[in-house]
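Encoded as structure tokens, the structure appears first; notes follow it.
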Amino acid sequence: MLELPIISITIFLPLISVLYILLFINQSKKANKLNIYVAMVAMLSSVLTFILTIYILIEFDASNHTYQFVERYTWLDKIGLEFHVGIDGIAIFFVVLTSFLTLICIIGSIFTIKKYIKEYLVCFLLMESFCIGAFTAVNLLLFYLFFEAILVPMYIIIGVWGGDNRIYAALKFFLYTFFGSVFFLLALIYIYSKIHSFDLTYILALTENIPLFAQKILWWTIFIAFAVKIPMIPFHTWLPDAHVQAPTSGSVILAGILLKLGSYGFLRVLLPLLPNVSQEFAIYVIYLSVIAIIYSSLVALAQKDIKQMIAYSSIAHMGYVTIGIFSFTETGISGAIFQMLSHGVVSSSLFLIVGTLYERLHTKEIAKYGGVASKMPVLATFFMITMLSSIGLPSTSGFIGEFLSLLGIYKVNVVAACIAALGIILGAVYMLKLYKEVMLGEITNTEIKHFKDLYRYEILSIAPLILIIIYFGLMPNSILNVFHLSVENLLIKF
């Protein structure tokens, strides 16, 4: 391994690029030249960041469950804040996924965003930096700072570049997630008052000394903070509005990365911090997850807007993640992590596909489409593969995560597993219905007759995701083996 502080470089490279764009790119340049220059800097930054994360993945030792590439620097010692970062098997793929999806979003944004492109790309680079920081933070306060900083650029993206109701959606997104943040902050203050440290590797061994009643209150405050982010029912209503109003790239990052921060928080903070209380309250989370799967699937069936349907499907798919996590089985948690990764790729592909349709017809209403496959066979093929993965077809990424999550929960709660399995059937119904109504049949809208198939930049954005969907489905052990020991280590307390 290199002795370079590679995680710090990966976190701060996008931030340095932002500073360069804001401070040193000459504003007097003509708009077209300025946009090209900004796009080149953003593209170079995202490519280099992606290369760095791939290097980390290659050098990562899967036979070691402890944090690797660890860096630790004192920052504000009086309040326990250190720049303490590292990567284990649970975090590694989310770091890679963040850099990969950011690169794809920047490629697409260069060709589709017409106004304030400099500010738009700056927001994506900021989110990339903050997300990587959150996934690698080992200091709990540092995790909180990165976790909450992500709200600002996402709020701006929805509020400035979103649809007609973007202000309402952006405010709703911000208020819901900020509501969860307040609970998390209260939990942090209490933890520090008792343990006088935010170092995760230190406080995990001491939280059992906290009185049981206080542990239970602490558990609920942290749970709510992460449940809002996932989002779990009843904290879910901000997501459909945010997805419908967000631009395509905003929806990709929201579904592909931001939703995963909540479930990652369960794995990184809640379960290891409060293992006994987590087991006690697991049954409530399991049934909330089952309700989310069935309810969201039924609501998705009734949607007339493509993005709203995909948004509700995301809530259902994240339900499989939470039942897997709270099964407290190696199979279930491994399935949950795999499902998080798979959903990140599948949902990103779905939103990019919807984005290509919207660029041509400027509507997300399902009834306005029909017969698109006859004019866009490449898109239809990509859509079919993505759709089949979304419904959990064997040999696709979606099957592995859902199957392992259900198998894990089946070992501890047969009733919950059987009810949750119905969600797969419902998912197949609404996704096949969507594909049929959009892609098949006769062309009833004359504008569709003038559609052209995917442009090169659109193929460049979607094709890698399709390849990953197939690779994950055919070679799941290459992914599962990387975080196997980290999952085993997580379960030691259970």
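In case you wondered, yes, glycine gets a Cβ from its N, Cα and C as well.
Marked as transmembrane segment by Swiss-Prot: 5-25, 36-58, 90-110, 119-139, 140-160, 173-193, 206-226, 252-272, 281-301, 339-359, 376-396, 459-479 (among others).
Within the chain carrying the transmembrane segment (5-25), a Cβ under 8 angstroms from the stretch's Cβ atoms is held by residues 34, 37-38, 41-42, 44-46, 48-49, 52-53, 55-56, 69, 71, 83, 85-87, 95, 99, 102, 118, 121-122, 125-126, 128-129, 132-133, 136, all 6 or more beyond its ends.
Contact between the transmembrane segment (252-272) and the transmembrane segment (90-110) is supported by 3 or more Cβ pairs under 8 Å, counting only residues 6 or more apart in sequence. With a cut-off of 8 Å on Cβ pairs spaced 6 or more residues apart, the transmembrane segment (459-479) and the transmembrane segment (339-359) reach 3 or more such pairs and are scored as touching.
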